[in-house]
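Single-structure report; data block below.
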Amino acid sequence: MGCSGCRFRVNFGKALSKVSVFFTMVLIFTYFFYCLTGFCDSAPRAAYRQETSDLDYDILDDLRPPRRLFPDAPFQRNRTGSEDAPAEPLQNTLDSEKETVQSNGIPVSNTFGTKRFPQAIIIGVKKGGTRALLEFLRIHPDVRAFGAEPHFFDRFYDKGLEWYRNLMPRTLDGQITMEKTPSYFVTKEAPSRICTMNCQTKLIVVVRDPVTRAVSDYTQTLSKNPGLPSFQSLALKNSSTGLIDTTWSAVRIGLYAKHLENWLQYFPLSQFLFVSGERLVSDPAGEMGRVQDFLGLKRVVSDKHFYFNQTKGFPCLKKPEGSSRPRCLGKSKGRPHPQIPSEVLQRLRDFYRPFNHRFYQMSGQDFGWD
């Protein structure tokens, strides 16, 4: 009996060993199978990536190195002598990292999903609030956006549509791909080029009182070029006659009705959404509701995501769960404007008034700038 029990224990031990080896092989095979199909990449990354996605926008602005998005692109000089870089990305240093992290903090594989042409583009206007709108939209789990301004339809069109598509983040079914480049709205060739890509593209235009927008535009240029002539000397052809100089880009951009006429030759009005830059500050949740409806998205971005920053003078995003700081736009946003003579501002208001009224009629919205 004793020997029989010994043989039983030995055989049982061998059988158990074989079962363990079998299950180990199954687990190894399963692991390699999932890695080959790309699922390994969607496993949680090191903690620093999650922390990166929660960094305050001011920190990101400070970390940004003085490099250019497209090194082979020539700088363009405007009339004031300032250099316009190919793009002004808010999170330029971390875009490659954030390719793998959605705005809700969920890691996504670099090989998971599909690169698509944008279904919606924020086409304007400069200093209207386009960066704020894009960052607010990126809270939505169904929105994936290219962080920088690609400037494809105005500066890099010769690189081809495939080059442009490869810039875009990967998206899953049901997600929307977006980008924003405010200079598209004032670029004559942009409407036809976007229509060549897809005439069904949804177009978002953030507009702002053209007088305030011009001053903000000048303030930004002045911060980069302190030797800039005064606002009034650039805005007026002749100080004695008071004629407005429409060749100055800061003035020309505010002729919204003229620019919209060009776009309506290629796109119906139903494919445009005109967002009020002023209401984006005073009621961000309300404007974001309109934007989400226009894009066919569930209303996820709401009042609970915002608080008003008294120092900056515009809304910021409340701190995400697990983050120690709220998220505000960079230090370049909310600069104090220089003092402009009231008579110069009044001349500009008189100049813009008929163009504003025409724009109200064309867009079907009264923005109340007069």
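Each residue's number is its place along the chain shown, starting with 1.
Every residue, even glycine, has its Cβ placed from backbone N, Cα and C.
Remember, it's a predicted structure, so these values are computed and weren't measured experimentally.
Lifted from TrEMBL, the feature list:
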ACT_SITE  LYS127  active site, for sulfotransferase activity
BINDING   LYS127, GLY128, GLY129, THR130, ARG131, ARG208, SER216, LYS333, GLY334, ARG335, PRO336, HIS337  3'-phosphoadenylyl sulfate binding site
DISULFID  CYS316-CYS328  disulfide bond
DOMAIN    118-353  domain 'Sulfotransferase'
REGION    71-100  region 'Disordered'
REGION    320-339  region 'Disordered'
TRANSMEM  15-34  transmembrane segment
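Here the features listed in TrEMBL are placed on the structure.
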residue : record                                     : Cβ within 10 Å
LYS127  : active site, for sulfotransferase activity : 23
GLY129  : 3'-phosphoadenylyl sulfate binding site    : 28
ARG131  : 3'-phosphoadenylyl sulfate binding site    : 22
SER216  : 3'-phosphoadenylyl sulfate binding site    : 22
CYS316  : disulfide bond                             : 23
CYS328  : disulfide bond                             : 22
PRO336  : 3'-phosphoadenylyl sulfate binding site    : 7
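A Cα-Cα distance of 7 Å separates SER216 (3'-phosphoadenylyl sulfate binding site) from the residue listed as 'active site, for sulfotransferase activity'. Spatially, by CA atoms, the recorded positions CYS316, CYS328, PRO336 include one closest to LYS127 (active site, for sulfotransferase activity), and that is PRO336.
Calculated from their C-alpha atoms, the gap between ARG131 (3'-phosphoadenylyl sulfate binding site) and CYS316 (disulfide bond) amounts to 12 Å. Across the fold, the C-alpha of GLY129 (3'-phosphoadenylyl sulfate binding site) and the C-alpha of CYS328 (disulfide bond) stand 13 Å from each other.
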